[in-house]
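Swiss-Prot lists 229-243 with the feature compositional bias 'Polar residues'. If you look up Swiss-Prot, you'll see N190, N259, N320, N339, N424, N538 marked as N-linked glycosylation site. Per Swiss-Prot, region 'Disordered' is recorded for 1-70, 213-243, 637-663. The region 'Gating release of inhibition by proteolysis (GRIP)' annotation in Swiss-Prot covers 200-270, and the record cites similarity to another entry as its basis. As annotated by Swiss-Prot, motif 'PY motif' applies to 669-673. What Swiss-Prot lists as topological domain 'Cytoplasmic' is 1-110, 611-698, and the listing cites experimental evidence. For 132-589, the entry in Swiss-Prot reads topological domain 'Extracellular'. Annotation source Swiss-Prot lists transmembrane segment at 111-131, 590-610.
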Amino acid sequence: MLDHTRAPELNIDLDLHASNSPKGSMKGNQFKEQDPCPPQPMQGLGKGDKREEQGLGPEPSAPRQPTEEEEALIEFHRSYRELFQFFCNNTTIHGAIRLVCSKHNRMKTAFWAVLWLCTFGMMYWQFALLFEEYLSYPVSLNINLNSDKLVFPAVTVCTLNPYRYTEIKEELEELDRITEQTLFDLYKYNSSYTRQAGARRRSSRDLLGAFPHPLQRLRTPPPPYSGRTARSGSSSVRDNNPQVDRKDWKIGFQLCNQNKSDCFYQTYSSGVDAVREWYRFHYINILSRLSDTSPALEEEALGNFIFTCRFNQAPCNQANYSKFHHPMYGNCYTFNDKNNSNLWMSSMPGVNNGLSLTLRTEQNDFIPLLSTVTGARVMVHGQDEPAFMDDGGFNLRPGVETSISMRKEALDSLGGNYGDCTENGSDVPVKNLYPSKYTQQVCIHSCFQENMIKKCGCAYIFYPKPKGVEFCDYRKQSSWGYCYYKLQGAFSLDSLGCFSKCRKPCSVINYKLSAGYSRWPSVKSQDWIFEMLSLQNNYTINNKRNGVAKLNIFFKELNYKTNSESPSVTMVSLLSNLGSQWSLWFGSSVLSVVEMAELIFDLLVITLLMLLRRFRSRYWSPGRGARGAREVASTPASSFPSRFCPHPTSPPPSLPQQGMTPPLALTAPPPAYATLGPSAPPLDSAAPDCSACALAAL
């Protein structure tokens, strides 16, 4: 019913429109006849028009704006708002579209904006934690249990009996006499009943002149609270002083540098330690005078020290061992070392499937002031590793059977960023002086010897020396003792940097040892055992129980453990964790990350273009505008392009009336301010200004 009432009204409007249309058409025709250029709203220059801007010279025309039908190769958004709206409408990131779809509800927009930003922050906080964990380079320890035939390790056994070489036997006897005199003067100890005290003192005056650095008695400084003036008292042992039995006295010997400008006392609170160290210091000097520190040993055969040797129930031979001499531990024998052509293999565990030795522990040519223990010293190590008897060995007790069971363990560590280890020592700044592979102990001892040669001018006899370097002897290097003890103190404090330079190897094989002891031989069996050993080795055992010791070394089991390190967080796991966090917080994929990168790139480009436009507008020369105005003023109106005024210009129908001010001619087109913005003018604003056309025609 409402439709019927509205239909006539619509027809009436159409009729009125029809009746008015001729009139409007007529007015339009009259307007065209009076004005050669119809009025158009001024929106800036049209497409293709040249713009005049301030500058140093004429500027090329602006590129023509693309129409709806054509598209440029590279396009950027005109504003941040347009870029943001395009991103939110087209991205695959969840929640971004909620920032623009609810723009008419500011509360929802604010809620989603805060939620989106919080989610974004939480995700990147998790990213930071993941990267922090990855850059800490954590490792995982993998433990594997393997079972196979095992290579038997090298075993080194020493006699604990420093040998008296024939070449230096007289000097050692002289040192013994000086030491006896020192013990008598300090402790009234009379070791030779055939000598009287007076004769002993007279001989000591002659003997002490042959050896420098005599032992002295030193008074310790008083406590600081006693109020007494501290003084470093010292007296020679040649003085008739009471026996050293007071706690405020120490025993030591003086060491000085080359020009005697600096001296110190190497002191000990125990007289036993002081005498042993003093004797050891002189023994090293005497031993360094040998032309060869490893001469042919006077123990003619292996049987003089080792009565029996069996491995896997088979007897040993000379091809299974090598020998060397240690300054403190005497003659040493290494079984199954790298020089052995056929390394021993263990295919069964147990005491009967290992190495069994019966050792002689008598000390017929013993140096009592140098070694105070009896028995033997043993060490288990790898085939290509030197035997550091001071660091890893232990003593065997005479009259006891020592059974040592072994378990092999291998450790493979990661180097580089994951750990401070070296593969073969080639990247360690210390030269290896040992004819063996790199180990941390080899590096540390080589480092000390290197510093000893550099600072003291000679080599320490306990470590290998390079070619062309002599061992230290105070007859040639009078101050080497001063230098050595100073260097030893710096070495203990790691002032030399040896412990920091020498890194552990990445691959290490260790042998875990556990020892068991039992009395051997028993009371019932000792008679026939000692008799058989004497007949077999053509040697009479004087002190039966204290003259022999037995050693058994075997694998407890053939299962060995391998501890290997692996990266806990790899690049693959890092990317997986990052993707999991991205999917958790935004439910997106890798392409969404590319969209984010594209957004950041567009933001940077828009910012750069805006800064460049502002820079040009601020620092462009203002003199160009006046010159441009004069150039346009001198240009005839007929020379304007047709697109600037599309209708042909003609003189006005009548001159202006008298008394009226004639219109001024337009000397320059108006500045195109609309072109300074980031957005292009609309398409319908390309029509020229009618008034401008008319004035230009004048």
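We count from 1, first residue shown onward.
Note: Cβ is positioned from N, Cα and C throughout, glycine not excepted.
Structure coloured by features recorded in Swiss-Prot.
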| residue | record | Cβ within 10 Å |
| --- | --- | --- |
| N259 | N-linked glycosylation site | 7 |
| N320 | N-linked glycosylation site | 23 |
| N339 | N-linked glycosylation site | 12 |
| N424 | N-linked glycosylation site | 12 |
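The glycosylation sites shown are N320, N339, N424; of these, the one with its CA atom nearest the CA of N259 (N-linked glycosylation site) is N424. Separating the Cα atoms of N339 (N-linked glycosylation site) and N424 (N-linked glycosylation site) is a whole-number distance of 21 Å. When Cβ-Cβ distances below 8 Å are used as the criterion, the transmembrane segment (111-131) is approached by residues 95-96, 98-99, 102, 574, 577-578, 581-582, 584-586 of the same chain, each at least six residues removed from its ends. Rounded to a whole number, the C-alpha distance linking N424 (N-linked glycosylation site) with N320 (N-linked glycosylation site) is 27 angstrom. When pLDDT is averaged over the topological domain 'Cytoplasmic' (611-698), the result is 51.
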